[in-house]
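Asker: I have a structure I would like to understand better, so I am pasting it below and will then ask my questions one at a time.
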Amino acid sequence: MSGNTLGLLFTVTTFGESHGPAIGAVADGCPPGMLLTEADIQLDLDRRKPGTSRHVTQRKEEDKVEILSGVFEGKTTGTPIALLIRNTDQRSQDYGDILQTFRPGHADYAYQYKYGIRDPRGGGRSSARLTAPVVAAAVIAKKWLHEKYGTEFYGYMSQLGELEIPFKDASEIEKNPFFAANAELIPQLETYMDELRRAGDSCGARIEVRARNVPAGLGEPLFDKLDADIAHAMMGINAVKGVEIGAGFRSVVQRGSEHGDELHSDGFASNNSGGTLGGISSGQDLRVSIAIKPTSSIMSPKQSVDLSGKPIIVQTKGRHDPCVGIRATPIAEAMLALVLMDHVLRHRAQCADVSTSISPIPASQPGSFHD
């Protein structure tokens, strides 16, 4: 397979390029009978779409979704759900020079070497524009999981460049363009981005994503562990260079006496595992963190070569996000939802008739707090 499909029983296949006429996804495996409208999907697309603040690309895409199939009289039919998002604000003239050149940090060289041809306009298939249909398809998963299990997803930015953003108040996340849970730091974040843009530079970010009310038992050891598939999906997001589950790399400096999450009849005492044990969900919150690299498209000149290997200087033109992490929160939520949906259906297929005398352990002890 050519890597355009995620999942085994709930699958999402995306198509399109950044400056093509449209982008989209086909979601297959959704159980029949769930109410679904374009308005349901639009809510999350609006959280991700470009041009919503001065700190992101000024490309103005409405990202209006069209449901082409798989829904009849407002209900899913159990057949493939095709979703289409038309591109309306392409400026392909900004990319005329890069057909013969390779932009440092971009996929240009790798795509050209692999395929022998590439669409240079806006990065073509490698553009973060292709995360829009992923977000759209994930609404199907989010809605079904919430109705079936009460599963909830949320994410937030915990670091912008060098600036750490301590978690303060979840109600603030949707009130600012950074998805930051700390209203006090918004002026500082805005100043930081303004200075970065004036310098013609970019920065990275760290995004946290959580899932609550996750059923226990999801995951297929050894090679389709739940956390392995989560990491696989998160690395499929543009510009992601690192993934942590639970304590992640902090596990290196922890002692076993600290890292192991104690089990009590009234709940887990901590969640260093991030919601999985042995690759199977424990019923605790899933805790995932992703590291996003600085945007490669910057105004500052950088050295590169052209198709013939001749040295050149590349200075990127066009409309770009100085930090792609600013719009990454709904994308990370989407990937987590897609993986969970797939594993729920896989678990039902294999273990629906399994009965156990074990009582489920609550996700956390009363009074404990895990963001």
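Heads up, the Cβ atoms here are built off N, Cα and C, so glycines get one too.
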Asker: For which of the residue intervals 50-70, 260-280 does Swiss-Prot record region 'Disordered'?
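Answerer: In Swiss-Prot, residues 260-280 carry the label region 'Disordered'.
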Asker: Name the residue among the binding-site residues R48, R54, R125, K293 whose Cβ has the smallest number of other Cβ atoms within 10 Å.
Answerer: R54
Asker: Just to be sure I understand the packing, how many Cβ atoms besides its own are within 10 Å of the Cβ of T295 (FMN binding site)?
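Answerer: The answer is 24.
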